[in-house]
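TrEMBL annotations:
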ACT_SITE  129  active site, charge relay system
ACT_SITE  356  active site, charge relay system
ACT_SITE  542  active site, charge relay system
DOMAIN    120-584  domain 'Peptidase S8/S53'
DOMAIN    628-737  domain 'Tripeptidyl-peptidase II first Ig-like'
DOMAIN    758-840  domain 'Tripeptidyl-peptidase II galactose-binding'
DOMAIN    882-1065  domain 'Tripeptidyl peptidase II second Ig-like'
């Protein structure tokens, strides 16, 4: 999903999915960019999607532009909007304020004026969005004094905290928080059981990216001040030392100066490299005998140590009980809500993931007693906020969030749902969430309203679920002259109202209209307090949807008060049959739906026809003689279908709500319908149809043979013969597109002298010539004065694919030309949509003259996707240019590797909480699959799950979510259906994949689900040859050729050479990349990367089995000089030593047996270094419980035994030899001596550690306690270690750190430790970081101590976060 929006007054960085994205905010009055979340697969030059999707591939802002469009000549503003010429249009203060929250356009102001008590009272709206700020202006009480917000819920789980750990307070009232901090419990809090449940969370995980950036900036100021203060002190200490010691010759003085310099260097380094991961907040949950209570400790957020204490927190309970909320701190001003689930085991901290949700809620229902013109549509309505935008994913929705939100809406008996989220889909009216919504609409009479999308102006751009689902009312976005002049502050508004340029258009791929109705698509509405302002302007179908939803709440308020049966079926029919058309042409309905909704007229309609059955007329359309596919309309788009007469079978099935009486409603249902076509010359239908409960079918004949090029829209509709005033009971959209044929060769088509004014759209439909694979286009503009902005879209439709769309936003500061290239699908109709942005050029009297030329090019190949099977054989590729001569310049590159993994564990469980129980009563189950993988070096990785990726609405699976963590439980990556690459250091990792569904059989089938881990690899260029043996012989290299029309040429694509395959790549891995065949005619450069060329295709190589390992032991016995008895004795000794190492030492009895065996083996094998090293290893593996001094003394004794067992002179002489071993026996001897050296070094190292720790345990020695002549045994041991190994290596560096610390040089120790941690590449053990903390505390750098403690929570969390 993407989010594109216009926000006036502040700049907000928005959350992102794959790439960094932002809210674009500006005080510029010429811009009007759509705000709505929508998931996108590909990065584009501008982002115009629908609904609300923040992240997943990105939540990206539409670039700054000076215009947006609808169609020229769109009819009036509707709802009484003044359509006079803009030159005579003026606002006063009241009309200006009214334009900020547009109601006049849809008749909401007239309705409330006529019926002030039907302002939404008695209606509950569920807001499925990015969350909600309960402190926002206008969202506290309804117009009749009731609480505005009934509940605030995080349905995503992004704010969940594991509070299953139970602690009890000591006699001082202290408990230990989950972060390890001691917490004081308020003695006045009731807790009959005395059990306190604790958990913690990094607070930035609860903030939006925008808020996090602001808080980081403020915290950084304070941190920098403290760091600069410490730098000044450190520099002064160094200066004073240099002044005191002008000449530093003494070794100790040099070391002292090095220590002082290291402190300065470390502080400076921290100033440059520190990264604020945010404070940790501790949470405490308890049951007070009546309800679950929650308190937070937020001291880490406060500068004042007396603020934010747990004991001072006013306890919260689930929001729906007391409707109270908290604020983390004055710095962030971020409100939150608490909810407790699963008997206290899960705490949900609810914050919003963007301002979007609060803004949407304000449009639907805000109540401002001080200024009623800024009220939302239904100020008397109540709401529940269901957060579906996951904060972990930059506010993208997840299947979990969607399902839980629907459960919550039904649990609260909501009347309406507004959802301003969505994305493109493979199949319309299909998927798990669509099924659940349809069930709720049919069974519970829930009215579901959603945004149609922000992906226009091309046709067939409506998104799921709002624009593609029959049970959902999809809303387009309209802008009136008043809105343009007031909210958007344009210099000269348009003369008439029109659809915003970016508003998505129908029809759906199966022919349904897509957009149901339109409403005002922009408003100035409340936003969260953390934005540091009360309200702001946003626009998009995200705004038109709550505008319509709030207006529908007015209707429901009236219907409930007057006893009119409420049904989504009758409400939808009333809206459609009373809307004001926008535009004069039939095909304008593809942009606006049935028109601009009119609340007052819809109310009169509902009153007049309240006694008629509440029926939904389900339409199924099939081409006569075929049962599949079934569609909801007739959509003739492709060349052959749109140029011949066809017959269609239409099945009309009346659907009643669940619980309808068989005898009172179903049996008596019988309607005599008069069938009509909006053009009998093109679409012919029977005259009448007698419709009963079981449904009827009739035939439709469509004859498009006399239609001109372009788009044509017709409708077949049914009228009740007995009550024709009811209007159409059902409509069947018929969309026919007649494309232009490109007859010239080479194939070039041009469109001359097209005249554009603000909001004008030109649609050109072209039959892409057979053999074309890409197009090169040039746009030339002239005849204008001020800057102009254009949207240029092309769109094609192919079965079971999302619409294939290319888009570009071009700005022309002066008359000029621009060229583009984009891929095309041969033989399919392509729409070219050219639109001058709706506000671009307003105030100018000069139209823009546009010429557009498209030249089609193509190189057809016999295989679009190439798979190399792992053998040495190449693949033959046949290429052909059907249209004109083309230069064949194949380029093939493999640049990614996908390694398959099977789960090592699969856990299936039933979810315990009520938020996971469906309307049917079924409890949702969760399957957690665990995969393990290892990286030999740092890499960017991305999970790839072919079965599940890239679909959220058009899938029958409910939900997926993954987490990648290391052995310390540090989470490096999270994601859902749109995985993103994450940078991981070298190490071992665990990927957990979380899948949800209520169908246990379905989840059982996924227990062995294959997951690929994809990572980048060095670019591997594949060889091209003109002969089949070329890859082996190296002969016959193929570089390029000129293809003549109709003449095929062939070449061979060779597999990668074995040395190019990454080392240790397991069998079954897949190397993936791309291949291209042609190049742009206007680009002289040879594209070295397939993506640089106009069209590229996927290519993959399956890694074959690895070479079998040779039996290295073969023949070794015969070449040995040792006798059989000697070899047997060595084997027996080694087995005994191994057995000793495997003995448990958990109890005193175990340890006693171990000591006896040690003594026995020492007696049997005196001075055996391997045996003594194993004894030392066993001692080190024991926990340091009991007498620690005795434990370390035993380690020292064991280490001394190892050291004494080694003939160090012989070992040194051998290691000084540089000659390579000449035979196997010499090789074995070398390995033995190297092992002995390693055992000696390990003994010296462990002895040094034990000596240092022993010294700490016994306390520092008094001055003069030892004779000055006595050798320092620690230093002697350290010097001995330096003879055998490089003590700077990470393995031995800890001893160096302890040595520097022991010599009172903590600065040097810190430098050594920091270098060691860096060399460990982020996988350093917790002990190293604890040692670092200790050094920082010893030096007294408190700000760095706090910083490192926060990072400890990131690097070494106590547990993995909840899904």
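Think of each number as a place in line: the chain as shown, counted from 1.
Backbone N, Cα and C atoms are what each Cβ position is placed from, and that goes for glycine too.
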*Of the stretches 120-584, 758-840, 882-1065, which racks up the most C-beta pairs under 8 Å with the domain 'Tripeptidyl-peptidase II first Ig-like' (628-737)?*
120-584
*What number of additional C-beta atoms lies within 10 angstroms of the C-beta atom of residue 356 (active site, charge relay system)?*
34
*Which of these active-site residues has the least crowded Cβ, counting other Cβ atoms within 10 Å: 129, 542?*
129
*Using DSSP, what's the helix, strand and coil tally for the domain 'Tripeptidyl-peptidase II first Ig-like' (628-737)?*
11 helix, 58 strand, 41 coil
_Distance check, please: Cα of residue 356 (active site, charge relay system) against Cα of residue 129 (active site, charge relay system), rounded to an integer number of angstrom._
7
*asked:* Mean pLDDT across the domain 'Peptidase S8/S53' (120-584), rounded to an integer, is what?
replied: 95
*Which residue counts does DSSP give the domain 'Tripeptidyl-peptidase II galactose-binding' (758-840) for helix, strand and coil?*
0 helix, 49 strand, 34 coil
_Inter-residue Cα distance where the pair is residue 542 (active site, charge relay system) and residue 129 (active site, charge relay system), in Å_ = 10
